[in-house]
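Data block below; observations after.
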C-alpha cells in the first residue's frame, strides 16, 4: 500500500532533475546554477567554471590538500559548502573570505595540520561548523571566537583532552549545540566551565558521549543551566558512573540523556544505585537508553525523578514494576523496546502523553487510570484487547490520539463511549473482530484520522462508518467487502479529503458510492480487481485531484463513461493494468493518448493483449482496424473517384499549390526578400559570399535558404513552395554546371517560372556563377532561352567585378522596396 505522503510525492510535480548545459562534462547538477555535487572528481583545486550564483557546493572526496586565501572568491552566494575528506592539511588566512552568506561548513575527515588564525575570517553568517576527525587537539587554539552567529559546533572524533571551554565562548552567544563526543576527555574541573558562569548559554546542548570519563569535580556544574546533556557510553564502570553523576550536582538541565548505544557496551553490570546522584539535579526531561541489563526493580530510580515532566526508557530490561503511582508528576511517559514481566500498572494523575511501543512481555492489556491522558501510543506490542474501547479501558475522557496499530487480536465490544474527544485513531495491521456487527464509531464525531488498513475487516454492514461526520482521512487498504462490491458506506463522510481503498479485492462499486464525498481530493483504488474503468461514480467528486487505479486488471473503459471524470482531476494513475490493444477498444486507447498530460507515468502503460502486442507501450501503438463490408464498398468507390481526380490533377499539382499559395499570401507581407535556388555544390559560395554580403551588408536583406529556413519534418517540395516561393518577394537563381545537372535545382527553377507567372510582383534574378558550356546549357531549353533574352548577373572574382556585381544585385533586390538611412530593408 502506498502511504499518503508517498502517493502525494509521486503525483505532485516536484522539481525536474536537470543536467548542466555547460561545455564541461563533469558537473552533475541537482539544481542548475544553485546546487552542484562534485564528489570524487579528482579535483586538485577549486573549480572556477561554476556560476557565481552557486549556493550549495559539495566538493567532498577530492584531493584539494591546500586552501589558500580567497579560495572561494568566485562563489559569493554560497550557503552550504561540503569539503569532507579532501585531504586538506593547510588552511590559510582568509581561505573563506567573501563567503558572507555561508551558513554551513563541513570539514569532516581532513588531516588538518596548519590552521591559520584567520582561517575562518569573513564567515559572518556561519551557523553550523562540522570539524569531525580533523586532528583537533584543543578548543583553545581553534580560531572561531569571532563567529558570533554560530549555532552548532561539531568537533566529535578528535583528540581533545581538556573540557575547558575557552574565553571566546562568551562571544558565541547563539551557540545551541556543542558535540564533543568520541574525544579523549577524562576529567571535568570547575575551572573548565567558568565561561558558562560568566556568560550563560541557556539553550546549549552538550554531547559528551563516548569519552572515557573517570572524574567530574563536585561543583563543576553547580548553577550551570543547559538545554540538553548527553552522556552515553561515557563510563567504564558502575562506580565511575555513580561518582561522575554525583559530580553533576547543582546542574539545571532541561533534557538529560544517560545510557549506552546499541552496539557499544562499556558497563559489565548496572543497577539503579548508580543514579542516586540524580536527586541533586534539576531535570525537566530524562531518558535512559540501551541499558540491556536485567533490573529487578527501578522504583528507586523513579523516586529521584518523580518531578520530571518527561520520563523515557529505551531498550531497558525490567524484571518487575510494582506500579507507576499517583506520586509521580510526569506529563509524558515513554517506554520503547523494553522488556517487562507483565503489562505495568499505570495510575498517573498528571500524565498527558503515554508512548508504550515495541515492548516485549505482558501481551495482555490491563486497564489503566490516566485521567489527564490526551495522547496514547500502544503500537507494535502484540497486545490483545477484549471489549475495546471505552473510557473505562484508559481511565480518561480527554483522549485525542490513540494508536493501537501492529498489535494482536482486538475485539470491538464498545463504540468508544466516553472517548468522544478522539481525533486520531490507528488500528492498522492489528486483527479487528466484530467490526461489521454494529456502528463501532458512532460516538466519534470529532475524529479526523482513521486507519483500519490490513485489519482483516470484512465489510458487510453499510453503517460501519456512521457517526464520523468530521473525518478527513480514511485508510482501509488490505481489507475485503461482501461479494467484492463497494456499497454506499460513506454517506456521512462529507468532510473526507483522503480515501485509501487499495488491496481490497474490489471488482465492482455502487454508482452512488462516492456521491457524498464532495470534498474528496485523493482516492486510491490501486491493487484491486477492476476489469474496466467505470468513471460514472466519480462525477460528483468536484474536488478530486488524485485518482490511483494502478495494478488492477483494466482492459478498457465503458464507452459512454470517459466524460465523467471531474474537471478538478490533475493526476490519474493507470499504470500496470491489462490493456487490450485491439480495434474493439480503439477509442479508449486513443483517449489515453489524448490525456497524456493527465496520466501519471503514461510511458509505463503497456499492452497485455493480444500476445503479439504484449509489452508494447500504449503511446507507441498504431492499430490498423478492419472495417465492415459496407464501409469497404464505400471506401473502394471513394478510392476510385479520388484516383481519377488524382490522375487529372497530378500534372498540375504544384501549379495548384502555387495558385493556392498566391491566393492565401498574395495580399500579405513577405517574410524574405529573396529565395535562393542553388546547387549544394555551390553552398560555400552562397554561405561565404551571398549571405555574408546581403544579410550583413548595408542595406540588409533577409534570404530564404533551405539549410536554415526549411521546416524539419516537412516534404522538400512543400518547403520549397510554402517557405520558399510564397514567403519571398523575389527568387535568386545561382546558375552553374552543378545547377544544370541537378534534378532538384531544375525542379525549383521550373516552379519559379510558374510562380513568376502567377504572382504579378514576383521577379527572378539570374546569377551565372561560372561559365557554362553551351552544349550543356542547351539541354535545358527554357533556361537557355531565358538567359539569351534576359539580363543576368555574372560573378567575377576581382575587386572591380565584385563591386559592380554587388551594386547591381542590391539594386535589383531594392526594386519596389523602401529603404531607410539606417540600412534596413522592409520585407514588404
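Sequential numbering from 1, following the chain as shown.
Cβ atoms are placed via backbone N, Cα and C, with glycine included.
Summarising the annotation, Swiss-Prot assigns domain 'TIR' to 670-813 and lists sequence analysis as the type of evidence.
Per Swiss-Prot, N-linked glycosylation site is recorded for 33 (among others). In this structure, residue 33 (N-linked glycosylation site) belongs to neither helix nor strand by DSSP; it is coil. Long-range Cβ neighbours of residue 33 (N-linked glycosylation site) (same chain, at least 6 residues apart, Cβ-Cβ under 8 Å): 51, 53, 54.
In the three-state DSSP scheme, residue 171 (N-linked glycosylation site) is classed as helix. The feature N-linked glycosylation site is assigned by Swiss-Prot to 171 (among others), with sequence analysis given as support.
For residue 203 (N-linked glycosylation site), the same-chain residues lying six or more positions away in sequence with a CB closer than 8 A to its CB are 176, 227. Annotation source Swiss-Prot lists N-linked glycosylation site at 203 (among others).
Annotated N-linked glycosylation site per Swiss-Prot: 280 (among others), in sequence order. For residue 280 (N-linked glycosylation site), the count of additional Cβ atoms within 10 Å of its Cβ stands at 16 [all protein chains shown].
In the shown protein chains, 12 other C-beta atoms lie within 10 A of the C-beta of residue 307 (N-linked glycosylation site). What Swiss-Prot lists as N-linked glycosylation site is 307 (among others), and the listing cites sequence analysis.
Swiss-Prot lists 495 (among others) with the feature N-linked glycosylation site. Non-local neighbourhood of residue 495 (N-linked glycosylation site): 469, 470, 471, 472, 519, each in the same chain, at least six residues away, with C-beta under 8 Å from its C-beta.
Residues or ranges marked as N-linked glycosylation site by Swiss-Prot: 524 (among others). Its Cβ placed at the centre, residue 524 (N-linked glycosylation site) has 25 other Cβ atoms within 10 Å.
Summarising the annotation, Swiss-Prot assigns N-linked glycosylation site to 573 (among others) and lists sequence analysis as the type of evidence. When secondary structure is read from DSSP and collapsed to three states, residue 573 (N-linked glycosylation site) falls in the strand class.
Residues or ranges marked as N-linked glycosylation site in Swiss-Prot (evidence: sequence analysis): 622 (among others). Annotation for residue 622 (N-linked glycosylation site): no same-chain Cβ neighbours under 8 Å separated by at least 6 residues are found.
Per Swiss-Prot, N-linked glycosylation site is recorded for 628 (among others).
The repeat 'LRR 5' annotation in Swiss-Prot covers 149-170. Panel annotation: around the repeat 'LRR 5' (149-170), residues 124-140, 142, 176-189, 191-196, 198-199, 201, 207-208 of the same chain, lying at least six beyond its termini, place a Cβ under 8 Å from a Cβ of the stretch.
Per Swiss-Prot, the feature repeat 'LRR 9' maps to 372-392. For the repeat 'LRR 9' (372-392), the predicted model reports an average pLDDT of 93.
Sequence annotations record features per position, and here Swiss-Prot assigns repeat 'LRR 10' to 398-420. Beyond the repeat 'LRR 10' (398-420), the same-chain residues lying 6 or more positions past its ends with a Cβ under 8 Å from any Cβ of the stretch are 363, 371-392, 426-435, 437-446, 451, 467.
Annotation source Swiss-Prot lists repeat 'LRR 14' at 495-516.
Taken residue by residue, the repeat 'LRR 14' (495-516) breaks down under DSSP into 0 helix, 5 strand, 17 coil. By a simple count of nearby Cβ atoms, those within 10 Å, the most crowded of the glycosylation sites 171, 573 is 573. Across the fold, the C-alpha of residue 524 (N-linked glycosylation site) and the C-alpha of residue 171 (N-linked glycosylation site) stand 55 Å from each other. Within its own chain, the repeat 'LRR 14' (495-516) has Cβ neighbours under 8 Å at 1-2, 4, 453-454, 469-481, 484-489, 522-531, 534, 536-538, 540-541, 543, 548, counting only residues six or more beyond its boundaries. In the three-state DSSP scheme, residue 524 (N-linked glycosylation site) falls into the strand class. Closest in space to residue 307 (N-linked glycosylation site), of the glycosylation sites given as 171, 280, 573, is 280, taking the CA atom of each residue.
Residue 280 (N-linked glycosylation site) carries a helical DSSP state (H, G or I). Sorting the domain 'TIR' (670-813) by DSSP state (H, G, I as helix; E, B as strand; all else coil) yields 79 helix, 24 strand, 41 coil.
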